[in-house]
Amino acid sequence: MRLKSIKLAGFKSFVDATTAYFPTNMTAVVGPNGCGKSNIIDAVRWVMGEGSAKNLRGESMIDVIFNGSNSRKPVTQASIELIFDNSDGTIVGEYASYAEISIRRRVTRDGQNQYFLNGTKCRRRDITDIFLGTGLGPRSYSIIEQGMISRLIEARPEDLRSYIEEAAGISKYKERRRETENRIGRTQENLARLSDLREELGRQLERLHSQAKSAEKYQQYKIEERQLKAELTAIRWRDLHSKTENHQRVIREQELALEALITEQQNADTHIEQYRDKHHDLSENFNQIQGRFYAVGAEIARIEQTIQHNQQRVKQLQEDSLDAEKNYQEAVTTIAADDELYASMAEEIVLLEPEKELLEAKVEEAVIQLEELEATTISSQEAWQVFNQNSNDAKRQAEVQQSRTQHFEQSLERLSERVQRLTNELAQLNADPQSAEILLLDEQLSESELLIAQTEEDKEQLQQDINQLRDKRSQLDSQYQKQQTDNQKLSGRISSLEALQQAALNPDNEVSQWLSKQRFEHCIYLADKLKVEDGWQLAVETVLGADLQAIISDHLTHEALQSFDKGELRVFQPTNNALTVSTPSLLDKVITKDIAPSWLALIIPAENLEEAFTLRAQLAVGQSIITQDGYWMGIDFIRIKRGEQSTTGVLARAEELQKLLQQQDENEELIEQSHQEIEVLGQQLTLKEQTLADQNKKLQQMTQQRGELKAKLVAHQAKLEQITQRRQYLDKEISELTIQQQTQFDELKQARSLLQEALDQMAEYAEQDGQLQAQRNQLQNQLEHWRREERSQKEQLHQLSIKLNGLVTKRQATEQSLQRLKQQVERLRERKELLQMQLAEGTAPIDELRFSLEEQLENRLQIEDTLKHARLALEDADESLRQNEQRRTKAEQQAQALRAQLEQQRLDWQGLNVRKKSFQEQLQEDNYDLHTLLQNLSDEAIESEWSQRLDQIAERIQRLGAINLAAIEEYQQQSERKNYLDEQNNDLVEALATLENVIQKIDKETRQRFRETFDQINGSLQQLFPKVFGGGMASLELTGDDLLNTGVAIMARPPGKKNSTIHLLSGGEKALTALALVFAIFQLNPAPFCMLDEVDAPLDDANVGRYANLVKEMSEKVQFIYITHNKIAMEQADQLMGVTMHEPGCSRLVAVNMEEAVALTEL
């Protein structure tokens, strides 16, 4: 095996895709410092699985990605691919058949690492597993970087041992031992966990046994408690039933009393209506009588005024009559005097004539004025009478409207009081919190129902979850047990197959010893590498037979073969030339054709025996036919192989063993997964069961709360219904009273309007009365004045006329004076008669008026007496109406109080019924029949006795403490689980013993191989050291007696030195010593290639020469790739690979084949 090439892309300074080819076994990488030579070695280590960025001269793994330069941007990923030539079959296992192997690793800037093996994505472990035992690896002795040569020689004994182990090829044994130890550790952990589980389970079983007994007692007590609770509920129901009957009797009595009060109230309302009608009639009668009273009063006032007027007129006539009488007498006297004065006055006639004319004019004017004033006085008197009539009418109307107003005001006051009282009651009813409480209770009940439903759903879900968890745990337990059983069977099957396979493939002791001497103890058998299509394994095994035990090797020399002197040795040496056949052959059924025997191409496959006989006639010399079920025939032979295991040959067994091993790994993962799932399910089940118990308790509490809420809600709804009915009645009553108020108010408004009009008229009349009285007084004064003026003027005229007439003529003084006086006397007499007649006429109406006045006064007395009786009757009606209203109010108050008591009784009765119903529902929910319980209970059973018995049971339950109801079932389940775990424990103990035996075998093999390898490397070191140093001695020493763990120390003494420790050597001496050790290892177990990074740096030219010659010598067996700056080392190389950095920060390769270059120079 050798390294053919390295493909670099984006790795450190190799930004461009670059391929480094290594066609020779000695390649020197040269170039100036910092050009990127060491990056090639870093690339190889990185691909082989190096996970430490520090060992790659970085801080993080993304530092291996090209980070850019002055002229280039950073790249996003780095990729390295190693191409190996595996034509010699160094790589064993499933890739041994590949002549070329590709290993690639890729990393991106987001930290994603990917590995590829022959283009197939794989794990890092798959890469490291390939190189186990080959000496290759990220930190093996095959790659020596800068500074590592000194660290190698100064390494701790434990670290130096690892190189010996790698050379001995026991790293894979250590890996297998580590895996076995891990299995032992997991088995011990499982066994410890199982022991802990068994101990814990034992303690749980003891506790569960006690808890199960307590749970049984608890269940018995709970059954008894449940029965007592049901009987107690029945007793309470019976007591409530008795109370409800008593309440129902009281309710009937109160309903009868309420009906009586309502009847009384209705009677009072009927009487009130009757008295209201009577009051209205009496009020109308009173108003009529009062109107008549006022009319008679007005008539009396008119008559009195008329009498007064007539008396004044009579008085005036009497005065006029007296005046006329006086004038008449004076006239008679004057006649006598005039006779005497006639003569003397004649002289004065001329003087008195103008005065007479003036006086006549004045008298005439006075008469006219007097007549006008008298006419005006008569008109004023008539107007005064009309005014008095109207004033009395207005006063009477005001009194009537005043009475109506007072009546309406009192009625409105009474209506307002009643409306206010009903409104207050309605406000109290509206303010009653029943609706809000009902809404609150309804909301609480809905929430309670919702919570109960939700809790029941949660409970059902929990129960379902518990059942599912129990079923799942049971299934998992069964599955776990089945998996354990299957895995045990599988382990037995694997052990049997391994034993059979080992017995079938392993050669006898003589052959094994010969193989060990020839260093073929780790050889590969043909059966291990040969892959055949399904169904054709038996056919191939039948043909190959014992050849399946042949070892695969192409390195056996004739000397080695001649040394084989005992036993049977079969060797298969594959060719690199591909086999081609023209006809179908058994070789076509082989997948790994590169390691298949070539003579399989001469065997023709047949599906069945009939086809084989058909083809047999066509066979050529050397050809044969094999059927799928193992019938092998040629031209002249037929071979049939049958036995107990004829169908399970080596190839089939190897394939079956591989599948079973893979299946065993999968089963162990499934067993561990099932175990973890069982533990998780156990915890979940315990938590769910505890939650279910809490949910049951919570549900019981919520159910009780729901019953209480229902009782409260029904009670409040009944009360609200009564309140609603009362509210409707009050609304109707208030509405009717409001209508009456409006009617009364309208009539009051009308009465007030009429009263105001009457009062306004009275005020106007009062004002007019003053004016008219003043006008009357003024007219009377004017009339008196003009009467006096008339009399005065007439008197003056009379005197003047008498004087003038006496003076007119003396001759006719007596006749004319007498005649004039007679005429005057006649006129006075006529006037006196006229006045007497007028006086007589004026006296007669006064008497009539006085008689009429007396009649009207008597009529007024009668009307006043009637008015008094009418007022008394109206007052009696008012009193009766008030008494009936008080009677109705009293009945209404009593009815309201009784109604409240009745409502309370009904609420109590309904509350009792709700509680009865709640008890009955509770019994139904608990699956009890109420009537059966009551029949079984004695009549003397009382609540206190049953409560005491229930408390005793509760105390017994309380003394039991916390109860695990699932303990009984859990005890059974845990007992079964304990038995199952005991079986598992026994299985694990047996498996642990088997693994410990395997460890002992591995340790035995490891000790043997390590000892042999150590001795061989030590011998090689003792031979190489004097060759490198020109003398001196070096050896390896074990630091302990335990070959499994002992460290390895190196001791070296160059020529002429007796140093006590290797640390006293110089840097060059240490480097040469380390090289001697590495080459000693390579001589024993040469790695496919060796990479050296400037290991010659501390050496002088002489030692560099020795170092180069030693590398040249070993390059015949090992491929060397070394980095150097030394010309002597460069001269020994077959190929020079130059690394340049023409572009700053970017490395490029330039390769030169030295042999071709020398050949060109020779030309």
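Our numbering is plain: 1 for the first residue shown, then up by one each step along the chain.
Note that Cβ sites are derived from N, Cα and C of the backbone, with glycine treated the same way.
Annotations in TrEMBL come from automatic prediction, not curation.
Here TrEMBL flags 3-138, 843-1147 as domain 'RecF/RecN/SMC N-terminal'. According to TrEMBL, the ATP binding site annotation covers Pro32, Asn33, Gly34, Cys35, Gly36, Lys37, Ser38, Asn39. Annotation comment: TrEMBL describes 170-218, 258-376, 405-486, 653-838, 867-908, 981-1008 as coiled coil. The domain 'SMC hinge' annotation in TrEMBL covers 526-555.
Feature map: TrEMBL annotations on the structure.
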residue	record	contacts (Cβ under 8 Å, 6+ apart)
Pro32	ATP binding site	Met1141
Asn33	ATP binding site	none
Gly34	ATP binding site	Met1141
Cys35	ATP binding site	Ser13, Val1139, Thr1140, Met1141, Ser1147
Gly36	ATP binding site	Lys12, Ser13, Phe14, Val1139, Met1141, Ser1147
Lys37	ATP binding site	Val29, Val30, Gly31, Asp1093, Ile1123, Val1139
Asn39	ATP binding site	Leu8, Phe11, Lys12, Ser13, Phe14, Ser1147
Is Asn39 (ATP binding site) helix, strand or coil when read with DSSP?
helix
Secondary structure at Asn33 (ATP binding site), reduced by DSSP to three states:
coil
Starting from the Cβ centroid of Pro32, Asn33, Gly34, Cys35, Gly36, Lys37, Ser38, Asn39, which together make up the recorded ATP site, report each further residue of the same chain whose Cβ lies within 8 Å of that point, ordered by sequence.
Ser13, Gly31, Val1139, Met1141, Ser1147
Other parts of the chain folded back onto the coiled coil (981-1008), taken as Cβ under 8 Å at six or more residues beyond its ends:
170, 173-174, 176-177, 180-181, 183-184, 187-188, 190-191, 194-195, 197-198, 201, 484, 488, 491, 1043-1044
Under 8 angstroms, Cβ to Cβ: which one of 170-218, 653-838, 867-908 has the largest number of such pairs with the coiled coil (258-376)?
653-838
